[in-house]
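These notes concern the structure reproduced below.
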Amino acid sequence: MVLSPADKTNVKAAWDKVGGHAGDYGAEALERMFLSFPTTKTYFPHFDLSHGSAQVKGHGKKVGDALGNAVAHMDDLPGALSALSDLHAYKLRVDPVNFKLLSHCLLVTLACHHPGDFTPAVHASLDKFLASVSTVLVSKYR
């Protein structure tokens, strides 16, 4: 999915507002995903999935950091996310549908924390961006 210049501007502006909360938002999105889509828990049998657990917070930070890297490299998502794509495809073998589920939970989390900034245009841009990230992450599955 091609991001327009307006989409890139919207994504960067939204991510700037996330600021130092990327890890917290990542953890919150993971918690939402585990509660809303319980089958996603199967990839984390060794985690304490309770609210506020250190393991969920730690993985949330990884999610937030990866998205921050993707925002910084929007013009080369395949290059920026290649190692992460390899990890999820070859080692972790995550079902590709889970990226869509997490993307949805991230959108909900961002909308909850920044309701005034979450306009239809920003929502659409973030959705396109997260779909692009998901596409790159599943590209090694073929």
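Here the Cβ of each residue, glycine as well, is placed from N, Cα and C on the backbone.
When Cβ atoms from all protein chains are considered, those within 10 Å of H59 (O2 binding site) total 17, not counting its own. For H59, the entry in Swiss-Prot reads O2 binding site, with the evidence type sequence analysis.
Taken from Swiss-Prot, the feature heme b binding site covers H88, and the record attributes it to sequence analysis. According to DSSP, H88 (heme b binding site) sits within a helical segment. Around H88 (heme b binding site), the same-chain residues at least 6 positions away in sequence with a Cβ under 8 Å from its Cβ are V94, L137, K140.
Feature annotation from Swiss-Prot assigns domain 'Globin' to 2-142; the stated evidence is sequence analysis.
Same-chain residues at least 6 positions away in sequence with a Cβ under 8 Å from that of S4 (phosphoserine) are not found in this chain. Residues annotated as phosphoserine in Swiss-Prot, with similarity to another entry given as evidence: S4 (among others).
Taken residue by residue with DSSP, T9 (phosphothreonine) is part of a helix. Per Swiss-Prot, phosphothreonine is recorded for T9 (among others), and the stated evidence type is similarity to another entry.
What Swiss-Prot records for K12 (among others) is N6-succinyllysine. Using a 10 Å Cβ-Cβ cutoff, K12 (N6-succinyllysine) registers 14 neighbours.
Under the heading N6-acetyllysine, Swiss-Prot lists K17. Long-range Cβ neighbours of K17 (N6-acetyllysine) (same chain, at least 6 residues apart, Cβ-Cβ under 8 Å): H114, D117.
Per Swiss-Prot, the feature N6-succinyllysine maps to K17 (among others); the stated evidence is similarity to another entry.
Residues or ranges marked as phosphotyrosine in Swiss-Prot: Y25. Y25 (phosphotyrosine): 22 other CB atoms within 10 A of its CB, across all protein chains.
For K41 (among others), the entry in Swiss-Prot reads N6-succinyllysine. Neighbours of K41 (N6-succinyllysine), defined as other CB atoms within 10 A of its CB across all chains, total 13.
The phosphothreonine annotation in Swiss-Prot covers T109 (among others). In sequence order, Y25, E28, A29, R32 are the residues of the chain that are 6 or more apart from T109 (phosphothreonine) and have a CB within less than 8 Å of its CB.
There are 22 other CB atoms within 10 A of the CB of S125 (phosphoserine), with all protein chains counted. If you look up Swiss-Prot, you'll see S125 (among others) marked as phosphoserine.
In this structure, S132 (phosphoserine) is part of a helix by DSSP. According to Swiss-Prot, the phosphoserine annotation covers S132 (among others), on the basis of similarity to another entry.
Here Swiss-Prot flags T135 (among others) as phosphothreonine, drawing on similarity to another entry. In the shown protein chains, 16 other C-beta atoms lie within 10 A of the C-beta of T135 (phosphothreonine).
For S139 (phosphoserine), applying a Cβ distance below 8 Å and a minimum sequence separation of six or more within one chain yields P78, S85. Swiss-Prot lists S139 (among others) with the feature phosphoserine, giving similarity to another entry as the kind of evidence.
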Rounded Cα-Cα span from S132 (phosphoserine) to K41 (N6-succinyllysine), Å: 24
S125 (phosphoserine) and T135 (phosphothreonine), Cα-Cα, nearest whole angstrom: 15
Helix, strand and coil totals (DSSP H, G, I; E, B; other) for the domain 'Globin' (2-142): 113 helix, 0 strand, 28 coil
Pairwise CA distance, S132 (phosphoserine) versus S125 (phosphoserine), rounded so that it is a whole Å: 11
